[in-house]
């Protein structure tokens, strides 16, 4: 009996590994591989076609620009909110912590409609005031930034909060007892300790921002050469039977997101002591 148990456990581990591997291959790796395969069916023609198209090039630039602004906003406010949640106790703290998961649980379409109700034209809460001031949010780039920032909001926070909880406050208190200011303590103690949490949160936020579709479609207006992002280009080309262009655009978006995640995953174990 004793000799059979290790064999049974060994087989169970191999079965579990095989099931998990097959699941990831069928759900993630194979679909992405097929996108890449269809992108290069005609050599580099599909990629050249979209890069030479000024409207697609504009959509790619807009997507990257919006993603960068969104990542910067979510990083700055994400770190601040993480410190607020972990380091302070105040009424409504648990409610705030729960609300941070709303962007992950609510449909992006709902997010887009909600933003239209708040900032849209004469019907939105702030729309009339914004229009009187000459500012347009909905059906313009600011609306795309808001939508993208909203859907990616929790990603930095959910990476940084566990790290802050793990490191505790002992080193920060010691630094402050030696005369360090709050800013010095953050730069020299807190930030180095949470750098990988912030980095991975930034990468996830970037990947999420590059791939956002539903909320952006609602708030952007999908105007060619103005507010059409790369994900909307994928839809437009696919629906118009330009599958080569759709696959090529999707491939570029996936390539950037996957490359960022892979690079961070490779670097992190080398830099982070265990």
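For all residues, glycine too, the Cβ spot is worked out from N, Cα and C.
Your range for transmembrane segment, going by TrEMBL and the list 98-121, 170-193, is 98-121.
Under 8 Å from some Cβ of the transmembrane segment (56-86) lie the Cβ atoms of residues 50, 93, 96-97, 100, 141, 144-145, 148-149, 152-153, 155-157, 160-161, 164-165, 190, 194, 198, 201-202, 205-206, 209-210, 225, 227-233, 245, 249, 252-253, all in the same chain and six or more residues away from its ends. Counting same-chain residues at least six beyond the ends of the transmembrane segment (14-36), those with a Cβ under 8 angstroms from any Cβ of the stretch are 247, 250-251, 254, 258.
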